[in-house]
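J.: Pasting the feature list from TrEMBL:
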COMPBIAS  1260-1273  compositional bias 'Acidic residues'
DOMAIN    33-242  domain 'FANCI solenoid 1'
DOMAIN    247-333  domain 'FANCI helical'
DOMAIN    341-504  domain 'FANCI solenoid 2'
DOMAIN    519-750  domain 'FANCI helical'
DOMAIN    768-992  domain 'FANCI solenoid 3'
DOMAIN    1005-1250  domain 'FANCI solenoid 4'
REGION    1253-1284  region 'Disordered'
Amino acid sequence: MVTRQALKGREMAALLRGIFKGSPCSQPSGVLRRLQIYKHCIPLVESGDLHLGKVSEIIGLLMLEARQLPGHALAEVATLFVDVIKGGSLSNGKSLELFSTVLTALASSKESLAYGKGELNGEEFKKQLINTLCSSKYVHLCQDIPLSGEELQFVVEKILRMFSKLDLQEIPPLVYQLLLLSAKGSKKTVLEGIISFFNQLDKRQKEEQRVPQSVDLEVATVPLDQLRHVEGTVILHIVSVINLDQDLGEELIKHLKTEQQKDPGRALCPFSVALLLSVAVKHRLQEQIFDFLKTSITRSCKDLQFLQASKFLQDLFPQQYDVTAVILEVVKNSAFGWDHVTQGLVDLGFSLMESYEPKKPFGGKAADTSYGLSKMPAQQACRLGASILLETFKVHEPIRSDILEQVLNRVLTKAASPVSHFIDLLSNIVVSAPLVLQTSSSKVTETFDNLSFLPIDTVQGLLRAVQPLLKVSMSVRDSLILVLQKAIFSRQLDARKAAVAGFLLLLRNFKVLGSLSTSQCSQVIGASQVQADVHACYNSAANEAFCLEILGSLRRCLSQQADVRLMLYEGFYDVLRRNSQLASSIMETLLSQIKQYYLPQPDLLPPLKLEGCIMAQGDQIFLQEPLAHLLCCIQHCLAWYNSTVHLCQGAEDDDEEEDVGFEQNFEEMLESVTRRMIKSELEDFELDKSADFSLSSGVGVKNNIYAIQVMGICEVLIEYNFNIGNFSKNKFEDVLGLFTCYNKLSEILKEKAGKNKSTLGNKTARSFLSMGFVSTLLTALFRDNTQSHEESLAVLRSSTEFLRYAVSVALQKVQQLEETGQTDGPDGQNPEKMFQNLCKITRVLLWRYTSIPTVVEESGKKKGKSISLLCLEGLLRIFNTVQQLYAARIPQFLQALDITDGDAEETDINVTEKAAFQIRQFQRSLVNQFSHAEDDFSSKETQSLITVLSTLSKLLDPASQQFLQFLTWTVKVCKENDLEDIACCKGLLSLLFSLHVLYKSPVSLLRELAQDIHACLGDIDQDIEVESRSHFAIVNTKTAAPTVCLLVLGQADKVLEEVDWLIKKLTSLGSGTSEDSSQASNQTQALEKGVILQLGTLLTVYHELVQTALPAGSCVDTLLRSLSKTYAILTSLIKHYIQACRSTSTTIPGRLEKLVKLSGSHLTPQCYSFITYVQVSESLSFAEEKKKKKKEDEAAKVLRDTKPIPNLIFAIEQYEKFLIHLSKKSKVNLMQYMKLSTSRDFRINASMLDNALQERNTEDAENDSTAEQTDENQEPKKKRQRKK
């Protein structure tokens, strides 16, 4: 009847109301009738046959009446609903409103209801129904059901557990429903569950990739691309829900922050980082997210650095988490269509590069971008930013132009600060895809318009970076030429220098047909680019015209300032080497330039017009023509021309005759200049001992410029004559003659510099010898045993000064390489050539140092450093430089030094073995130093040897036998040698500590050293005789304080830092309730044991030091500060145990009790005695100084000196306060080990009082007034004590 009425569209409500009225709930028949209505109406409503208005009417009425039904009837209706849902006959879901009303009514029913075989109350029955519903298909229904917090948590957890059983494709919709459900609560559980589920999947996927053949095929998981697409969809769902519900975003960040404190590996996995970056696109949360990511990255880098520096920590934390790898993995994953992550990645990359940009000037570029492992976390973060951008650029095409534009903008706008990191990134981007850049060429040309306003270093870097683009895009090249031609006539010097740099770059890279090919291709060029290379775009005839036009522009620069000319002279050689067809034009240009200064008459001295090289403006005098650089350029170009072009001359006779013309001209000219320079006296240049070299007068400036030019010309000619001499005795005599001229001037400048400090810069004028020549010269001087060369080389070897000069120039070149990553002269910017030269130089210096000891040499030396010592300094610099600039090539470097097996395969180079071999050579030298008599002992050499050893020790693998042998040897040296030289002692102990921390914790070593210091300096109580237990002979009366004492305290501070770091880790581990609680508790116990053992041994170190009669000053201050830090760390350990007692019912371990006992018996009482000792000694020294100094100074000094004392007392009292707390919490009386501390505010020391009174009497002071003052001064303090 109901159905009939409903389908006819008649008045349904009246009929139902009538039935309900006639079926009161007090009669069983009425209840049954009502149940029948419900059972009939629910399928009717869901059948879809009724009009929606009717449906709403029926449901509304049924909902009103539902509360009248008794419990068992409600239970029956609810069960019916569940069956309907499970049967899948819900079509429009309208009846679900009724279902939620039924459940709410059921929950409030107190009746016992039959369920299965047992009975449940209404609340429990409701839970059972919800449990039944919690299978994946019906989650969305839970949104409409009113759930308590507990039920919601249960639903969420049950659904999360089901994830692993479902097919991957079913997960995204389920996640979406879960997220909507999270609007009611349990946000943290939902997010945590989703993140950890995908983290586990990622890990499993990685494992499978590592072990491809899975034995159990059942376990093989989903294909990678499917997993990535599902992850991408899930991330999109989460982001869309966060857009609607901001609290979910806040909850996500909060959850990851707390998780990161406990276990960063779980918090920041590839999935959660991708999720964060997608959310970050919404600006409201961007700042929070980037701050969180940046701190996580730097913290991860710091932690890794911390772990790498200590074996003790490595043993406790075998697995190291590296966030940088995770973020780069996100970039890789984003290739699977994760477009929503890319914007976040780009923003993060730039944010990192800007927040942690290099602070040093651009000149130090190599030093800051080429280290194998960058030392500072900030530098690593900056490098990570660049890697993110580069990898994103490679993976995502749509965003490329955006990245390029942002990089170029930063290069332009950050001109004042270093932009080397952006230029390096730009260079890598261009190399990875030069053709892509053609689409963004307008942006590049726009950048060119600003070239003349940029610093010269930025211009050179920028042009080098975009150079591959110039070869593929004619329009870019043309616009660059226009800009450069304008810049050449600019009024700004920097703009003109930029123009020269740009033109030289173009000349180097646009080959003229017929030019010799060169192995040094400027940059790697992709295959796609080669097809569109020069020959396709423009023929070489056009290239030639183009290059000659540029040369014409550059010739104009030869009349400009010295800086501009200098750039040209330094750049011409590289142009020649790359573009040999331009040789005649360049040589002609150089010839016409030098003729302006060359005096052809064969007897005129000097051979060059120096006065033409300077220019006066008012009172000031400037260098106008860098003549030495011009000659240097000619010399290198000529050498290259002779060695290369001659061999490849074609049959073009006319060309040849023309070429021979300038070649002959140059050779005759250089020959003549050499001859006349040797004959010239210093007076010919107006430079003799009586000349004025002060920089304050015009004449002095002129003389300085002349001197540097003359010295440079001599050096250029030395290199030229040595190279063409082919070991002829006459030529070598010329070389020596030129050196004599150079040396005289050098000596005069040094002498004047000694008198006048302002000209110190001249002491190290840059040498004009090229790095390649320096390596050739050193090899010839020290290692050439060829019979035919013997006689001619004897000429040079006879001059010790010349040998010393050769080594010191090598030293200067290496220093320049270390500081700027390149050297002056040809190939100075070619890392490969530089590396080969370094290897050659090192071989020679190493042989010279190890085969001729300094002692042998010094017996005959007159003045200046010995050659052996210079060799040692050179080696030290080289070992540093190689580790900084060529970290990846250290095996080849060590191989090159080992003369015995030069033919060994490159693949089997064992770095540790090779390094250990070199270390042994220096160990022998050091032992020899120690065995010398006191007069022969050289402190400088010993220091250098120790530094060399510590530099080489970084190459040893800490787990190797060789490392252990070296450590044992170092300990032995420190134990047996009674070194009184403070600098050497410092070096040796620092070496010992740096080795020891990589082997095991150094606390036991510190204890022995502290005992030695105590024995050496005596006790603070003069009546006590300290038993002498000398472990280390290196600790003696001269070195014990402050040297050894400060080093020991410094190392103890490092151990304290490690312990502090561990306690923080402990606290974060303790606060997390991990699923693997047994594993976590094992780790916690291991950490606690490590912390307590370290602190226990450290307390014994301090126990020795606080009883030592340390001299007032830095040692006392440092010790007091160190003690305050120790107590602060003890306090944080106690706080950790208080927290542990609160959260769990753990008892405190016996170890901790022992530690507290030790601190009470061996440290606190001694600290108070030490404070008294410090105050007494201070008051005595204060009394002495009183006579010498003014009152204000004294007051300031007392304030400064006494500040650490109250801090220490406060730290001790804080420690005792928290011990009392822990005693209450743990029911263990820890305070029984603590003696009551002295009340320090008011104390009368009778003997001191007597002394003071006697002193006052002698000064005829009035006793009464002083007594009153004493009372006045001390009374308030007493009150303050009581208030406490």
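Cβ coordinates are placed from backbone N, Cα and C, and glycine is handled just like the others.
Remember, TrEMBL labels are computer predictions, not curated facts.
If you look at the structure here, what lies around each of the features I listed?
T.: Model confidence over the domain 'FANCI helical' (247-333) stands at 84, taken as the mean pLDDT rounded to a whole number.
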J.: Counting only pairs at least 6 apart in sequence, do the domain 'FANCI helical' (247-333) and the domain 'FANCI helical' (519-750) share 3+ Cβ pairs under 8 Å?
T.: no
J.: Take a look at 341-504, 519-750, 1005-1250 and tell me which one has the most Cβ pairs under 8 Å to the domain 'FANCI solenoid 3' (768-992).
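T.: Selected stretch: 519-750, with the most Cβ pairs under 8 Å.
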J.: Check the domain 'FANCI helical' (519-750) against the domain 'FANCI solenoid 2' (341-504) for contact, please; criterion is three or more CB pairs under 8 Å, pairs 6 or more apart in sequence.
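T.: In contact, yes.
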J.: Using DSSP, what is the helix/strand/coil residue split across the domain 'FANCI helical' (247-333)?
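T.: Across the domain 'FANCI helical' (247-333), the residues distribute as 74 helix, 0 strand, 13 coil.
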